Amino acid sequence: MSEDSQPRLLESDPNPGDRDLKAVNSNPSDNRLNNQSDDYEPEWVEGITLVMVISGITLVVFLMLLDMSIVSTAIPKITTQFDSLGDVAWYGSAYTISSAAFQPLTGKFYNYLSSKWTFLSFFGIFEVGSLVCGVANSSKMLIIGRAVAGVGSSGMMNGALSILAGAVPIKRRPTMIGIIMGVGQLGLVGGPLVGGAFTTYSTWRWCFYMNLPVGALVGVLLLFTRVPDQKPKQPAREVLRSVVLRRFDFIGFVLFAPASIMLLLALQYGGNEYSWDSATVIGLICGSVATFVVFGLWERHMGIEAMIPGHLVRDKIVFFSSLLSMMIFGFTMILSYYLPIYFQSVRDKSALVSGVDLLPNILCQLVMAVVSGVLTSKLGYYLPWGVFGAILNALGNGLLSTLSPTTSVPSWAGYESLVGFGRGAISQVPMIAIQNAVKGDDVSTAMAMMTCAQTFGGAIFLAVGQVIFAQTLRQKIPEYAPSANVDEIIAAGATGFRENVSAQNLPGVLAAYAKSVDSVFYLNVALSCAQFVFAWGVGWKSVKKEKQKDSEEEKVVESA
């Protein structure tokens, strides 16, 4: 190895010991690929090609996040058509469970196969699932479609960030991630608005059909556009023949998937279909814990070839970025579910109008996501945005916990806006931190870990929020409306209880609903405080340092 290549190896590989282990365990074709990677110069995308790439992956992230929340306002119509009230929980959990089970494995796909074609393959599976949901003629068919769409979504966020890593240098990524996440999270928070509009003025099936024409547009944007990879990749046929069985850790996947499914099923069943102390829920939790223990032992045995490598779990920035992402996504899911409940239950707004009432939050989040991304690219440091966003989130959710049936429009709009600014500032911080800290083969795997943490954060804290909401509501109704029938009100649902409550009891029931929503926002305050703590772990590093090093190397080469 030449003298001028040695510093480059040290800068680009934070785990040289792992590189040595890879060299020992690899076959000749792997060694050739490693040599190519050492000399590989990335091809950054510019101009109209960059616009097409960013537009394509932004639309995909938007659809993925939209699909998580759009079904919430369509569920009443779906259950009426299919007479399937008992399947309500599965319309959301089938998507989440299948996505979480596959997410860690997606890092391996993006490591060894073309990012563009892997991304389009996962997106294609997502589109097939959407089509099945749209044409479903039974509740079971709809659940199967949601599960297929979840499998497709498992590789979409990781793929979007992997493509971005190969398309633009690290200094420009904060701006691009700000745009992608700013627009993408419009789908998560605006899903109830879109779903309410389709359900009210057309049919719930368009909640899924809409993915198809947008998918065709994504195909036009990406299919014929050259998207460079972060590193040279072997031909797919050679990878499938010589790499998949040795490197993809399918045993780890076979252990991780059922462990995840059992945990998420326990969270789904607990307090809904079964009590938390039931044999079913306890059995699922115990089975999940035991399987996760076996999975951890297997991953330790596999070393650097593990689906979730130990050196990444021990990496402080990856670890804290994943935890931060979990807290962000958990509090975002709670916000997207319980603000509409406040507007529809307490303020008697329609599904469509309640979605419109979320606009202060949505627009402020979009503006701050773009502004923070641009300023991070200019100034270099992303940690301040994480701390600043966490503070705004804590303040905003603290104010949201004071909502009542008589809260004025300027007040709740201001509270929403504060949370929107906070979420916009912090959302992209974990992604930037990981892409800035992790290099080479580990980028896709680290991003898969982060997206998996996101999914678990959403599922776990949404379940905790549901427990808090249900228990508080059951306590507060007798307190504020002593003569009301608690079981009848709860069974009627968040929008149907008005038909079963007398005019005398209605103010008390509305106050009970408002207090129950407030109690869930206390959980969001706690998650925001956790964001503040974990944000300090993402590292005080600058995305501009890599560019400065590259410029110094170019000057050395020119002088030589």
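Positions of Cβ are set from backbone N, Cα and C atoms, glycine also.
Features of the protein shown, as given by Swiss-Prot:
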COMPBIAS  24-37  compositional bias 'Polar residues'
CARBOHYD  Asn35  N-linked glycosylation site
CARBOHYD  Asn500  N-linked glycosylation site
REGION    1-38  region 'Disordered'
TRANSMEM  45-65  transmembrane segment
TRANSMEM  117-137  transmembrane segment
TRANSMEM  148-168  transmembrane segment
TRANSMEM  176-196  transmembrane segment
TRANSMEM  204-224  transmembrane segment
TRANSMEM  250-270  transmembrane segment
TRANSMEM  278-298  transmembrane segment
TRANSMEM  317-337  transmembrane segment
TRANSMEM  351-371  transmembrane segment
TRANSMEM  379-399  transmembrane segment
TRANSMEM  449-469  transmembrane segment
TRANSMEM  520-540  transmembrane segment
Recorded stretch, among 117-137, 148-168, 317-337, 379-399, maximising Cβ pairs under 8 Å relative to the transmembrane segment (176-196): 317-337
Chain residues outside the transmembrane segment (278-298) and at least six past its termini with a C-beta under 8 angstroms from it: 251-252, 255-256, 258-260, 262-263, 265-266, 269-270, 306
Asn500 (N-linked glycosylation site), number of other Cβ atoms within 10 Å: 15
Same-chain residues at least 6 beyond the ends of the transmembrane segment (379-399) whose Cβ lies under 8 Å from its Cβ atoms: 171, 174, 324, 331, 335, 372, 411, 414-429, 432-433, 436, 521, 524-525, 527-529, 531-532, 535-536, 538-545
Proximity verdict for the transmembrane segment (317-337) and the transmembrane segment (449-469), three or more C-beta pairs under 8 Å: yes
Chain residues outside the transmembrane segment (351-371) and at least six past its termini with a C-beta under 8 angstroms from it: 73, 175, 178-179, 181-183, 185-186, 189-190, 192-197, 199-200, 335, 339-340, 343-344, 412-414, 416-425, 427-428
Non-local residues, at least 6 beyond the ends, that sit with Cβ under 8 Å of the transmembrane segment (204-224): 52-53, 55-57, 59-60, 63, 67, 70-71, 74, 77-78, 81, 116, 119-120, 123, 126-127, 130-131, 133-135, 145, 194-195, 198
